[in-house]
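Database features, via Swiss-Prot:
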- 72, 76, 86, 92: [2Fe-2S] cluster binding site (BINDING)
- 13-149: repeat 'Solcar 1' (REPEAT)
- 157-241: repeat 'Solcar 2' (REPEAT)
- 251-346: repeat 'Solcar 3' (REPEAT)
- 1-18: topological domain 'Mitochondrial intermembrane' (TOPO_DOM)
- 40-119: topological domain 'Mitochondrial matrix' (TOPO_DOM)
- 141-162: topological domain 'Mitochondrial intermembrane' (TOPO_DOM)
- 184-212: topological domain 'Mitochondrial matrix' (TOPO_DOM)
- 234-253: topological domain 'Mitochondrial intermembrane' (TOPO_DOM)
- 275-316: topological domain 'Mitochondrial matrix' (TOPO_DOM)
- 338-359: topological domain 'Mitochondrial intermembrane' (TOPO_DOM)
- 19-39: transmembrane segment (TRANSMEM)
- 120-140: transmembrane segment (TRANSMEM)
- 163-183: transmembrane segment (TRANSMEM)
- 213-233: transmembrane segment (TRANSMEM)
- 254-274: transmembrane segment (TRANSMEM)
- 317-337: transmembrane segment (TRANSMEM)
């Protein structure tokens, strides 16, 4: 890259076309990654039983008061992590069945497909896409718009531009989606109707203020913003080097796929400690939403939690799950960015063709 301005592919397409390209990429990425995560969850389910807990009536709108079985776990569709709260195995039975014993990942794929049908590998996908697709559309469109603004309107060029644009774009997407994810967790854990939702939100805001809607925002930002900054920095760098190596002015699908996988793997490894902390925080917040805030102590701060992990397990604790994260993140990034770039190229060629026909 150096001080060379990048080819402005996005200049020939509209923001709406960027949104369509990123939305398509988001759906395809989710279709590809979701089976991997469903299998992971099912393998975890046979090792970790649901825990017993008493649901405390700590809010006027929190109606569950009887002893109940709860389990909070993370579900990822390749774009976002979502907290799922299981209540007596009923609210997420398709995701968390444990009737069949699995000896490993491949065995789980075969048995789930054979016993429950192919569709069961995509259990839980539609509800998560409701937020994952808008978040991805905001994120990728904002990145292109910010990068082009810095490069072509402000006149800045250099390797730091993707770093800045990627971090700011992710910060904006996380800030918009974070309250919606908290609301979704409340609705799921408490079986709230839409008519009850505003009462729930007003009660939460009255007690803890408007910032309570962004509970869990900090750990998400600490993981996702550095990840995005590193991802776009490495992606643009690797893509430019591959284009130079193959002497092509515009990245092909293969080049975008390769650059996406490499940059995704690098960013995943470097931000793994924040991912470990964020996972723990999300589980704690999910349990708090399910059981009532009064019944559980407030979760530790991000830095305290990271320090405790370091004291208890050392660097191995902070880099736990290294291989599974890379295996999941690298292909997800590759599929998403290559589909997005392909979509942008398609719209660019379409717009150029229409412009020529209009002359």
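A Cβ is built for glycine as well, from the same backbone N, Cα and C atoms used for every other residue.
Remember, predicted model here, so these are calculated numbers, not experimental data.
Counting same-chain residues at least six beyond the ends of the topological domain 'Mitochondrial intermembrane' (338-359), those with a Cβ under 8 angstroms from any Cβ of the stretch are 9-10, 12-14, 17-18, 20-22, 24-25, 28-29, 140, 250-251, 253, 256-257, 260.
In the repeat 'Solcar 3' (251-346), the DSSP tally of helix, strand and coil residues is 82 helix, 0 strand, 14 coil. The list of residues near the transmembrane segment (254-274) in space but at least 6 beyond its ends in sequence, with Cβ under 8 angstroms from a Cβ of it, reads 219, 222-223, 226-228, 230-235, 237-239, 242-243, 246, 248, 302, 306, 318-319, 321-322, 325-326, 329-338, 341-342.
On the 0 to 100 pLDDT scale, the topological domain 'Mitochondrial matrix' (40-119) averages 60 in the predicted structure.
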